Amino acid sequence: MNHIPFFKKKKVEETSRQIRANDHHGNAMKEFADNRISTSKYNLITFLPKNLFEQFRRLANAYFLFIMCLQFIPQISSLTPGTSIAPLAVVLSLTAIKDAIDDIRRHRSDRQINNRETKTVVGHELVTRKWKEIKVGDIVRLENNEFITADIVLISTSQPNGLCFIETAELDGETNLKARQALEETCNLEDHIDQLSNFDGEIECEAPNNNLGRFEGNLMWKEKKFQLKNDNILLRGARLKNTQWAFGIVCYAGQDTKIMKNTGKKKFKRTKIDHLLNRIILGIFLFLLIMCAIMTICSGFWESFVGYHFRIYIPWETYLSSNQQFGALEISLLTFLSYVIILHTVVPISLYVSMEIIRLIQSKLIDWDNKMYYKPTNVQAQARTTTLNEELGQIQYIFSDKTGTLTQNIMTFNKCSIRGKLYGYVIDEAGNEIQDLEKLKPIEFQEKNNDFEWYDKKLLDAIEQNDKDVYNFFTLLSLCHTVMSEEKNGQIIYEAQSPDDNALVSASRTFGFTFIGRTQSSITVRFGNKEETYDLLEILDFDNDRKRMSVIIKKHGKIILYCKGADFKIKECLDPSEKKIMAVTNEHLYKLATDGLRTLGLAYKELSESDYNRWAQKLHAANTSMEKRDEKVKDVYEEIEKNLKLIGATGIEDKLQDGVPQCIERLAYAGIKIWVLTGDKLETAHNIGLSCRLLTNDMELYIIEEENEDAVRKKLQEIRNGMINKIEQLFNVYIENKNKRLDWKDWGIDVMKFNRYRKSNYQYNSKTQRLNSHGITTIDTYQQDNEQFEGFGLLITGQALVFALNEKLKMKFLEIGTMCKAVVCCRVTPLQKAQVVDLVMKNERKITLAIGDGANDVSMIQKAHIGVGISGQEGRQAVLASDYSLGQFCFLERLLLVHGRWSYLRISKFLRYFFYKNFAFTLCHFWLGFFSGFSAQTLYDPFFIATYNVFFTSLPVLALGVFDQDISADHSLNKAYLYTPGQNDEFFNKKIFAESVIHGILTSCVIFFVPYLSISNATRSDGITLADLQSFGFAIATILVIIVNLENALEMWYWSSLYHFVLWGTIIAHFLFHFVLYSTIIDKIFKRNYPYVGVTQAVLSTGNFWFTLFLTCVILLIPVFAREFFRMRFMPTRIDRARLNQKFRTEEKAAFVTHIQYRLRQRRQSVRSGYAFSQETGWGRLITSGLMQSKSNIFTRSSKM
């Protein structure tokens, strides 16, 4: 019952939670959420009412329902209700079917997750249960590589010390391992089922919340209380790694888990055009009421002064008053409702039917685009919704995840510098560097590594020659780390806390220096065919302040300290005698950075036995100190990490997905601002920002990493003042009111063309920045040209973002963020991602897109106007929550710049044409009223009224909305600036709608009055007048069909054989249809007195009609043609120029020159020290304490490995 919304009890808000293990009855009494999750919107009971409610929130549907109800009143309706019932039913049914299909997909996904199986302790045995059956308080068993079932308090693992490892890629985007540990008091339970089934510990913990980094609680057991913290809990969404099994108590289940608390509810998304249409519908309805009011007033006067005296010929209905005034009043009121029915076609329901068809086909064009097919993973782009296509052409902000979205989650050793020699670059016979290495064949190694390719044979030659420096380099890589190893299927598998460590150790193995395993006091390696074991004396662990790690090892009586870390930190530790070699290495570092690589410095130092022993005593004293222990330990570390000898540097590639830099560059050129929201640390995000060209050295970069509200407020103000000073310094701008919100538009500055607005005589000594405390140093380079300025960039940490998003500071943060071309938010939670998106959406009122690949991105994907999921390595949660899914980030440019731009252009032209043609059609009824006693007489044949939008104008307008394109897909990508009209609503807005309405009204005047003046006194050759209603109505209908379809032809840019067939076929179909409909054959078949029989032949056989048709076409089409010719000749838009360029290729030379200038202007990149360890403390103490060791079977492996 509780799963049916109508029967759900109101949940009591929790302040804390108490759970007793294995007490199923007691826990059930507290009505905790079960482990079932639901991301769907409907069920069998709620689907119909909820879906209809959502559909009738669209004012147009409510409007059509109202019209349909009026048609059931025979006294006021001249049209049958079927003309409205059928189309409305089709629209509602199609939308309901589409929504049902989408929701069925969500139900299937939920069912797949809920039906996963895990083992739980029941009685005195392990029982396999589905996830949805797991309850709070259950003790569950997790297996290696298994996703964690719920939020679980760890009580024992396969390690005697209670240690286990988890991967949290779906929680925070990090693929490196994190350590978790059970309480020492519960470790002895191990996997003894009898003891576990009798375990009666009681957990008291905080209420369910969304804070992924905090857990506070206590375990009461055996009359003792033990503290529980974040290291003791395993969160749902993480995966157990490198651990055979683990047992834990479920503390939060299902919707109460932290990952679900960070997932927002899926909302009903509607496009900006849909919202505009709602307002337009209100305006049209008001216009309709005004027209009906005019007809009502005129009808009252006419019936009172004229109709009353002609009742003998046109008698009043019996239910009307015979009093002159009252009868006229009653007729006029009925006339009002009659005209509401007749004129309601200004917004026909076929508008929405056509829109749904167009959107469906546009979605299929996205699905069928083979240029968005990613072959390696066999993933095709997919439009998972059909209602948002045109909004893809109006995006102004993109919010992107980093790990797995911009990057591949793969780190690879790429290049290195060893004692002043640079390796990794291939030189040809002429001494020039070969740029395109893909044309070369990579070196084949005995140790295969699919993710690693190496082309420079010089390094292998140095290894073969037993080069001492190279040997020392790889010895450091194989020893100085905290990597754990495990043997699987005869292969050594590495698990690392740092992705850099994994890349370096794997590369070292490939070159023949293999790390095999470790104990708490030794490291075993194999160099060539020789296996050696080093005594591990100490690990000086990494942390965020030191930004380096060291190991002290002993071999053959020699003690050596190996150190690696951020290059600027290693420089500080070098012996003064190393300045010369460091200068050479410094040049190499800049070259590596220019290639977008993350750099690490490597150094070593030999220690005497006595020096080490004295230092070890100091370390022991620091480790046992009761005051400021951590600070004292760091000081001791600093003492020994001095006067080091430089070994060299490494260049690690954090592999971007294919085409990411080019994609981001084009999207930025299209006027789209890109914000990266990532769980990674600041340095990592900064490095990737530079690699993918989101950030550049010509940007003024600001960093906010303060940890309290007051400091964040001061920093925001400092940045704002800096921006003001920079703007006034570089541009001809003086900001008088410095308290007013900053906005580039206020000063008329185009952010894509800063140089156009620069002061012409400003010169400077350029200062290139790079991360210092986060890698930033300043290098002076003297320039004689203008300072390059590419806008502002902002990096902010998650801790600072907590305060920046509060009510007091969020508008200041938003002001600064919107002034920047790029913003990077680091160490953010899933909920913070959604909050940042929401801040921009609500206050900027811009169209946003969020893109990600993991469960931690779901909340922002659901929050943004458009959500895009990447089918990546972090599961399919992001895809299932998304509106569109892609195989790679680079396909986003085609999705937006081609499909999005075309969709917006097409739907805009469709709407303005549709309103034009329907106002032209409907207003003819209005003009007839002045010549028919305001009697609500219809001008057209009822069959024509019912089929006008279905048969005689539908196919050309559908072709316009589906196939039209101004320029080709390639030109759309190359001319990204053509995307901006969609952002500015240039193709459809209130002004353009008004122009379409006026055009339609004028067209209706010409179509009605030209034939009226031409036919009113005309006769056929047999003397019969042409002025009867049937002939007049058919003549106007025919002229109308031809005019509006030719207007459609003038709107169409992309003429194809299909469009020719549709256009001319529609016009011909009009004639054929009416020849048959108005023939005597139909009259004989149905045996009804049909007044239109013979009208087609009678009208088309007269020269008067053809002359009228020609005259009307000239009056209506020549001005339109002339206006377009004049505009394109003397006031061409950017699209007009692009179309001419596509035809005549006039811009190719200019583009080539611009490209050369860009290449000449490129500068060397700043060095990126990317010691990309986890934000958590390193594993050094866990290893040296014996808690972490390699699997024992590693050391019994065969020598052939």
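For all residues, glycine too, the Cβ spot is worked out from N, Cα and C.
For reference, TrEMBL has these:
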ACT_SITE  D401  active site, 4-aspartylphosphate intermediate
BINDING   D401, T403, D853, D857  Mg(2+) binding site
DOMAIN    19-85  domain 'P-type ATPase N-terminal'
DOMAIN    879-1133  domain 'P-type ATPase C-terminal'
TRANSMEM  276-302  transmembrane segment
TRANSMEM  331-354  transmembrane segment
TRANSMEM  910-931  transmembrane segment
TRANSMEM  943-963  transmembrane segment
TRANSMEM  997-1015  transmembrane segment
TRANSMEM  1027-1046  transmembrane segment
TRANSMEM  1058-1078  transmembrane segment
TRANSMEM  1098-1122  transmembrane segment
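Two recorded stretches are said to be in contact when at least 3 C-beta pairs lie under 8 angstroms, sequence spacing 6 or more; the transmembrane segment (1027-1046) and the transmembrane segment (331-354) fall short of this definition. DSSP states for the domain 'P-type ATPase N-terminal' (19-85), grouped as helix (H, G, I), strand (E, B) and coil, give 32 helix, 2 strand, 33 coil.
In this structure, the C-alpha atom of D857 (Mg(2+) binding site) lies 7 angstrom from that of D401 (active site, 4-aspartylphosphate intermediate). Sequence-distant contacts of the transmembrane segment (276-302) (same chain, at least 6 residues past either end, Cβ-Cβ under 8 Å): 58-60, 63, 328-329, 331-333, 335-336, 339-340, 343-344, 346-347, 911, 926, 929-930, 933-936, 988-990, 993, 997. Between the transmembrane segment (997-1015) and the transmembrane segment (331-354) there are fewer than 3 Cβ pairs closer than 8 Å, counting only pairs 6 or more residues apart in sequence, which means the two stretches are not in contact.
Most buried of the recorded positions D401, D853, D857, judged by other Cβ atoms within 10 Å, is D857. Long-range contacts of the transmembrane segment (1058-1078) within its own chain (CB-CB distance under 8 A, at least 6 residues past either end) are made by residues 943, 947, 951-953, 955-956, 959, 963, 1034, 1038, 1041-1042, 1045, 1048-1049, 1052, 1090, 1092-1097, 1100.
When pLDDT is averaged over the domain 'P-type ATPase C-terminal' (879-1133), the result is 89. The local packing around T403 (Mg(2+) binding site), expressed as other Cβ atoms within 10 Å of its Cβ over all shown chains, amounts to 29. Counting same-chain residues at least six beyond the ends of the transmembrane segment (1098-1122), those with a Cβ under 8 angstroms from any Cβ of the stretch are 1003, 1006-1007, 1010-1011, 1014-1015, 1018, 1020-1021, 1024, 1026, 1031, 1034-1035, 1038-1039, 1042-1043, 1046-1047, 1050, 1071. For the pair D401 (active site, 4-aspartylphosphate intermediate) and D853 (Mg(2+) binding site), the Cα-Cα distance reads 8 Å.
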